Structure formats: structure tokens, C-alpha cells
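Participant: First the structure, then my questions, so here it is.
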Amino acid sequence: MYPAHLLVLLAVCVSLLGAASIPPQPLNLVQFSYLIQCANHGSRATWHYTDYGCYCGSGGSGTPVDELDRCCQTHDNCYGEAEKKGCYPKMLAYDYYCGGDGPYCRNIKKECQRFVCDCDVEAAKCFARAPYNDANWNIDTKKRCQ
């Protein structure tokens, strides 16, 4: 084998090892992102909701700072109920569609998928209704979320 071929093979192996260390994106969270965009008709990027208030994003504690943060708290609680039913809400895929007046779950027969889809659709619609206060994005949760 030629030295150049060995270098190419080594580069491919190193690339594959690097790719293997990237954690997979939970499918449901990708779907939830699409539901949010459907509900708010693309008026606000999904990432605006990932670090908002005390409950939007990973985890949550304390008193919600406003209506939008209460939507996130309700969504967190809904996922908690799904987990009590033995469901894996961040990993479940489900069938939905985006209509003119927002997202809907589509003919879901399996209990876990239906429950999680309902959690996500209700949260997305709640996000669309609630005012967004820029001052509540990226707050110091250690101070404000006791």
C-alpha cells in the first residue's frame, strides 16, 4: 500500500472516531422545534426559547417569571407525566401536521406517542400566545429562580 493511501485511510478513521463522539439529537426535540415554528408562523426562532426564564430549556426550578415561562413549566410537567407512564418524551417520534391555524397531532394510536405529541402541540400553541420579554432571555437563574 502506498504511503498516501495510508494517510487517507488514517484521516478517514480519525474522522469517524470524531463523528462517533457527537451525541445524537433527540428526534422529538427536533419535531418540537418544528411545532413551535408552525404555531408562531416563523415569527421567532426556536432557539429564543431554549434559555428563557426559569423553565425554558434544560431543567427548571423556582417560580416562572411570566406567562411564557409558565408554558415551559407546564411542558416540563407534561413530560414528567409521560415519563411516569413509561414513555421517553425526548426520544419519541410522532406524526403531526402544520395547518393554517397551527400544529396538530395526526391519527396517533400509540398511547405514549399521542401523549407526548399532545404535550408538544399544547406547549407550541402556548408559546405562540404568550408575550416574549427579551429581558427574560438568558437570565441569571441562580438569582431569579429560587
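Using the three backbone atoms N, Cα and C, a Cβ is placed for every residue, glycine included.
It should be emphasised that the depicted structure is a prediction, and the values quoted were computed from it without experimental measurement.
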Participant: Which of Asp66, Asp76 does Swiss-Prot put in the same Ca(2+) site as Tyr55, Gly57, Gly59?
Facilitator: Asp76
Participant: Swiss-Prot pairs Cys72 with one of Cys54, Cys56, Cys87 in a disulfide bond, so which one is it?
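Facilitator: Checking Swiss-Prot, the candidate bonded to Cys72 through a disulfide is Cys56.
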Participant: Check for me: which candidate out of Cys117, Cys119, Cys126 does Swiss-Prot give as the disulfide partner of Cys71?
Facilitator: Cys126
Participant: Swiss-Prot pairs Cys87 with one of Cys105, Cys112, Cys117 in a disulfide bond, so which one is it?
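Facilitator: Recorded partner, per Swiss-Prot: Cys112.
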Participant: Quick test of reading the record: Swiss-Prot lists a disulfide for Cys119. Which of Cys38, Cys54, Cys78, Cys145 is on the other end?
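Facilitator: Within the candidate set Cys38, Cys54, Cys78, Cys145, Swiss-Prot assigns the bond with Cys119 to Cys78.
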Participant: Cys98 pairs with which of Cys38, Cys145 in a disulfide, per Swiss-Prot?
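Facilitator: Of the candidates Cys38, Cys145, the one Swiss-Prot pairs with Cys98 is Cys38.
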Participant: Over all shown protein chains, what is the count of other CB atoms within 10 A of the CB belonging to Cys98 (disulfide bond)?
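Facilitator: There are 15 such Cβ atoms around Cys98 (disulfide bond).
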Participant: Please identify, among the disulfide-bonded residues Cys56, Cys87, Cys98, Cys117, the one with the smallest Cα-Cα distance to His75 (active site).
Facilitator: Cys56
